[in-house]
Amino acid sequence: MTKVIEALSDWQSIRKTINDLSVGFVPTMGNLHAGHLSLLERSKCENTITVLSLFINPTQFNNKNDFKNYPRTLAQDIAMAEENGIDYVLAPTDDALYPDQYAYKITNSTINNQEAEFRPRHFDGVLTVVMKLLLLVKPTRAYFGEKDYQQLQLVKGLAEAFFLDTEIIGCKIVRNEFGLPLSSRNRRLTEDQYQLAQRFSEIFHSDLSCDEIKNALIQEGIIVDYIEDYNERRFAAVHVGDIRLIDNIPFAKDKKC
């Protein structure tokens with residue numbers, strides 16, 4: 001039976017009772033979909049206990065409207081956790097997780113490309129909340145999707161830099177039948193925007209060069225933040241209407257921009 005915990009002191013008491021067990025952790029902002037469920041299933045396969053967090057982290061939004069419009073589906077998410085046999089759900093309040101009112105934060109002073117360039121201070125909020133959650137949950141393993149690939153690499157660096165006793169595991173992107181990565185943002189797309197998002201995915205996954213992809217997307221009416229190759233992967237961030245979508249794929253060495 002899934003136990004839902006709001007008070008962090010309650011969780012801290014519970015955590016002491018499972019010290020001898022392996023604990024898998026999947027941090028999310030809720031609005032769960034099949035991509036999240038794939039992370040949870042892997043955790044269940046590899047650990048005795050699986051913990052899911054549901055927390056819409058205000059400090060990682062550099063756009064107030066984006067935070068305001070983020071889907072809030074707590075009851076639905078808890079029901080999905082119960083259906084999928086998750087042991088514990090952490091659902092803390094903002095004040096509980098930020099008793100310091102965000103006076104203390106984790107930052108990476110060297111990152112300035114891709115999401116760091118287009119979403120100022122975003123990763124400060126991400127790294128800070130991840131650090132708080134990892135210290136609270138003390139997981140054996142924590143699972144992150146590769147859709148947010150830059151975030152995944154930063155979290156791995158965070159765990160290494162601060163000697164956290166947690167293995168950070170990246171999991172493959174879950175896509176729909178058109179190749180579009182599953183994302184909570186997809187649910188905000190109108191029917192016409194969804195068709196355009198599918199075109200983004202088709203063009204991005206083509207054999208075109210970065211510049212050719214940019215031009216093709218612009219011709220479709222899609223606003224491009226970046227299409228670039230970095231460390232043997234191709235990355236994209238675009239706007240379909242007011243919805244921002246990201247994707248990344250590994251590529252062959254002879255197909256760089």
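Please read every residue number as a count from 1 along the shown chain.
Cβ atoms are placed via backbone N, Cα and C, with glycine included.
Annotated ATP binding site per Swiss-Prot: 29-36, 145-148, V174, 182-185, in sequence order, evidence recorded as sequence analysis. Annotated active site, proton donor per Swiss-Prot: H36, in sequence order. Annotation source Swiss-Prot lists beta-alanine binding site at Q60. According to Swiss-Prot, the (R)-pantoate binding site annotation covers Q60, Q151, on the basis of sequence analysis.
Taking the C-alpha atom of V174 (ATP binding site) as reference, the shortest distance to any of the recorded positions H36, Q60, Q151 belongs to H36. Across the structure, S184 (ATP binding site) and Q60 (beta-alanine binding site) place their CA atoms 15 angstrom apart. Across the structure, H36 (active site, proton donor) and Q60 (beta-alanine binding site) place their CA atoms 19 angstrom apart. Around the Cβ of L32 (ATP binding site), 23 further Cβ atoms fall within 10 Å across all displayed protein chains. Contacts of Q60 (beta-alanine binding site) defined by a Cβ separation under 8 A and a same-chain sequence distance of 6+ are given as H122, F123, D124, G125, V126, V129, in order along the sequence. Same-chain residues at least 6 positions away in sequence with a Cβ under 8 Å from that of G35 (ATP binding site) are, in sequence order, G145, K147, I173, V174, P181, L182, S183. Within 10 Å of the C-beta of H36 (active site, proton donor) there are 24 other C-beta atoms, taking all protein chains into account. Non-local neighbourhood of M29 (ATP binding site): L54, F55, I56, N57, Y70, S184, each in the same chain, at least six residues away, with C-beta under 8 Å from its C-beta.
Cβ environment of Q151 ((R)-pantoate binding site): E115, F123, V126, F144 lie under 8 Å away, each six or more residues apart in the same chain.
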